[in-house]
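Enquirer: Summarising the annotation, TrEMBL assigns NAD(+) binding site to Asp54, Ala55, Asp56, Tyr57, Asp58, Ser99, Ile100, Glu130, Arg153, Glu187, Lys304, Lys328. Annotated active site, N6-AMP-lysine intermediate per TrEMBL: Lys132, in sequence order. The feature Zn(2+) binding site is assigned by TrEMBL to Cys422, Cys425, Cys444. Residues or ranges marked as domain 'BRCT' by TrEMBL: 621-693.
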Amino acid sequence: MHNDLAADAIAVAPIVDPAHARPHATRDEYRSAVEQARGAAAAYYAGEQNLLDDADYDALYARIVASEREHPQWRTGDSPTAVVGTVGGDVEHSSPMLSIGNVFNSEGLRDWAAKLDRTLDRPVTRYTVEPKIDGLAIAARYTEGRLTQLATRGNGYTGEDVTSQARLIAGLPQRLSAPVTIEVRGEVYMTDTDFAKGCDLRLAHGEPVFANPRSAAAGSLRAQRVYDVPLSFMAYAAHGVPEEHAHSHSAVIDHLGALGVATTAQSSAGLAVCTDIDEVTAAVAALGARRGDLGFGVDGVVVKADLTADQEQAGYSTRAPRWGIAYKFPADTRTTTLLRIDVQVGRTGVITPVAVLEPVQVGGVVVTSATLHNFTDLQRRDVRAGDTVYIRRAGDVIPEITGAVPDARPADAEPFSPPEHCPRCGGDIDRSNLRWRCARGRACGEKATLLYYTSRDAMDIEGLGDKILDALLAAGHITDAADLYALDVPTLAAMDRLGTVSATNLVNSIAATKARPLSRVLTGLGIRMTGRTLSRRIARHFGTMDAILAATPAEWEQVDGIGSERAAVILAELAEVAPLIAKLAAHGVNMTEPTGPAATADTGAPADSALPLRRPDGTPMTVVVTGSVPGLTRNQGNEAVEELGGKSSGSVSSKTDFVVVGDGAGSKATKAADLGLPILDADKFARLLAAHRAGDLTTTTEILTTLSR
Ligand code: IVH
């Protein structure tokens with residue numbers, strides 16, 4: 001890259017390493033790439049929807065740099081590598097606001113550290129690891145404790161005066177807690193919550209929603225609007241700090257915090273102090289795993305030599321400090337085509353719009369569908385089939401569509417019309433909540449409910465497939481699970497594709513399930529907020545269905561894994577299915593749970609293949625646990641992997657399915673990052689285990705879906 005400063009001045013720092021980018025074949029191709037990059041940068045500056053997503057911009061930029069290396073004579077003053085910020089330029093910075101070098105993997109990080117050790121001629125004393133906030137750099141001057149000037153970074157030497165906007169920025173007080181004269185540097189950004197609020201405000205004013213939090217922050221800092229969009233600030237450096245607080249970066253940051261300024265250390269990401277590069281890589285991996293849960297956007301991690309003495313000795317190269325480096329994460333927002341909008345109806349009747357997408361890599365995962373939240377949100381955002389949409393996936397968050405690129409809309413794109421009737425049963429829709437539901441609730445899903453009752457994890461009725469169920473429902477022979485027990489051979493034999501022999505077998509296999517343990521019956525009822533494991537626990541706890549139906553809320557809370565909220569839901573659901581239970585009992589379905597050693601024969605435990613850490617073919621996933629998992633010993637961590645159906649392993653290889661990274665993780669986390677393996681934060685692993693034990697399938701699935709590569 002020729003000019004890091006300029007790259008950052010247009011605020012879209014390249015992530016693609018130019019050393020590996022392909023130069024353009026002709027000058028014309030190079031020129032049109034320059035034009036395209038300038039257009040995107042201009043849109044970015046105006047706070048408009050980006051014409052290119054980050055990854056595409058970075059790739060474009062890298063090729064421009066590569067071409068200029070190969071053909072220096074092609075380069076003109078309008079290249080994005082030469083262009084500096086278009087902002088006011090009326091504040092001169094006290095010292096240049098420099099950029100920082102980038103690495104993209106832990107090998108790069110180790111190379112940087114090794115080079116720094118060589119420069120110092122001794123190992124770096126300590127490092128700090130903090131979030132690289134995805135916003136824009138500003139400098140805030142305080143004179144005797146009062147905020148006197150706020151300037152954007154601009155071209156690094158002079159920036160635009162945005163002092164009047166300071167009132168919008170949380171974390172940057174008008175007055176410090178002490179009357180010091182100091183310059184604070186940091187990032188202005190928009191939190192995820194404020195981004196959502198800001199989008200709503202824009203819609204309310206008839207303006208298009210923001211493209212992403214960063215361009216929203218950039219636009220809002222400059223814009224004079226009739227409405228105010230909240231912004232936030234986080235400090236990562238300062239000049240003029242009194243000597244007693246200036247011996248290290250971490251001390252400077254602590255001092256700023258004490259003065260009342262928001263800092264990276266106080267953020268949900270925190271600032272880690274590490275003694276060696278192994279600790280650094282583990283901290284980088286741990287932060288990466290939490291990326292989606294921080295509440296604000298980070299595009300990487302910044303690693304710095306902590307001691308001021310080390311920093312001073314290392315100094316600067318022509319354009320960036322040698323004492324610090326940015327480890328960039330893969331882009332978490334990309335654009336792709338929205339192929340169509342499907343409407344899904346859940347087992348309990350909840351109706352949701354789901355986006356079907358042209359497959360796209362986002363943050364290392366191929367995404368083919370994404371949530372559109374609810375119909376109100378979808379209509380407000382006016383997302384249409386055929387649109388080019390922004391897909392955001394960060395950490396564990398389910399991929400979501402944050403908006404559409406307006407200029408890319410095909411002329412014939414039709415606005416989406418929400419369903420007038422339930423797409424499954426054709427009945428009315430209950431729109432009283434943001435989440436629409438079929439007015440018939442779970443009755444809408446008769447077939448889904450029946451399929452669940454007959455499934456392997458519940459009553460496991462052999463020979464009763466999808467097609468026969470359809471035919472039985474269509475003929476009106478059954479409406480619920482209990483009706484299955486009333487079916488006789490002549491009725492079944494009279495149906496298509498079933499002869500007398502098959503009909504007799506089916507009647508027998510249905511009848512045989514009457515003896516199944518209570519836990520399976522309970523599972524088959526599909527009570528919300530329970531699953532196989534929790535149903536088993538409930539059945540064991542109460543012993544009989546009568547005891548279950550008679551239990552008070554307080555008694556429910558005695559069951560391991562059931563709190564007051566869950567108890568209330570279960571009670572309401574049981575009341576709803578009480579008539580079905582009575583009907584099943586009248587058909588002679590067993591309503592007791594066997595106790596004692598005999599119970600092990602069929603406890604209703606989930607089939608092994610249904611355990612969370614099983615691959616689709618039923619084989620166990622290989623999982624490595626490194627560092628500590630909250631609440632578990634090392635042994636218990638490995639046992640937990642097995643309890644979840646996985647195989648725990650002590651070494652990381654390309655065969656590892658994922659790595660659980662906790663506090664104190666070392667070289668295994670580094671290796672996992674190098675191999676590009678999915679990483680699960682130890683806290684989340686603990687949550688996964690708790691959810692599994694509680695039979696909370698929604699949460700286990702949610703945690704695991706984001707792991708797939
Ligand atoms: S330290 C000498 N720390 O990333 C420059 N920068 O390319 C020292 N940034 O322009 C910068 N979070 O706008 C630093 N925790 C952090 C940061 C951070 C975001 C931005 C900053 C800078 C760019 C580096």
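We number each residue from 1, going along the chain as drawn.
Even glycines carry a Cβ here, placed using N, Cα and C.
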Enquirer: Suppose we screen the recorded positions Ile100, Lys132, Cys425 by Cβ distance to ligand 1 with a cut-off under 6 Å; which survive, in sequence order?
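Expert: Result: Ile100, Lys132.
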Enquirer: Just give me the nearest neighbour of Lys304 (NAD(+) binding site) among the recorded positions Lys132, Cys422, Cys425, Cys444, Cα to Cα.
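Expert: Answer for the nearest of the recorded positions: Lys132.
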Enquirer: Quick check: of the recorded positions listed here (Lys132, Cys422, Cys425, Cys444), which one has the Cα closest to that of Ile100 (NAD(+) binding site)?
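Expert: If we rank Lys132, Cys422, Cys425, Cys444 by Cα distance to Ile100 (NAD(+) binding site), first place goes to Lys132.
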Enquirer: For Lys304 (NAD(+) binding site), what is the secondary structure state per DSSP, taken as helix, strand or coil?
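Expert: Strand, per DSSP.
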Enquirer: Say you check the Cα of Asp58 (NAD(+) binding site) against those of the recorded positions Lys132, Cys422, Cys425, Cys444; which is nearest?
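Expert: Nearest candidate: Lys132.
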Enquirer: Inside 8 A of the center formed by the CB atoms of Cys422, Cys425, Cys444, which other residues of the chain have their CB, for the recorded Zn(2+) site?
Expert: Val345, Gly349, His421, Pro423, Arg424, Gly426, Gly427, Cys438, Ala439, Arg440, Ala443, Gly445
Enquirer: Measuring CA to CA, name the entry from the recorded positions Asp56, Lys132, Arg153 that ends up nearest Cys422 (Zn(2+) binding site).
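Expert: When the Cα distances are compared, Asp56 comes out closest.
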Enquirer: What average pLDDT does the predicted model assign to the domain 'BRCT' (621-693)?
Expert: 87
Enquirer: How long is the line from the C-alpha of Arg153 (NAD(+) binding site) to the C-alpha of Lys132 (active site, N6-AMP-lysine intermediate), rounded to the nearest angstrom?
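Expert: One finds 16 Å between the Cα atoms of these residues.
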Enquirer: Please give me the CB contact count at 10 A for Cys422 (Zn(2+) binding site), counting all chains in the structure.
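Expert: Excluding its own Cβ, the number within 10 Å is 22.
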Enquirer: So which of the binding-site residues is most packed in, judged by how many other Cβ atoms lie within 10 Å of its Cβ, out of Ile100, Cys425, Cys444?
Expert: Cys444
Enquirer: Going by DSSP, is Lys132 (active site, N6-AMP-lysine intermediate) sitting in a helix, a strand, or coil?
Expert: strand
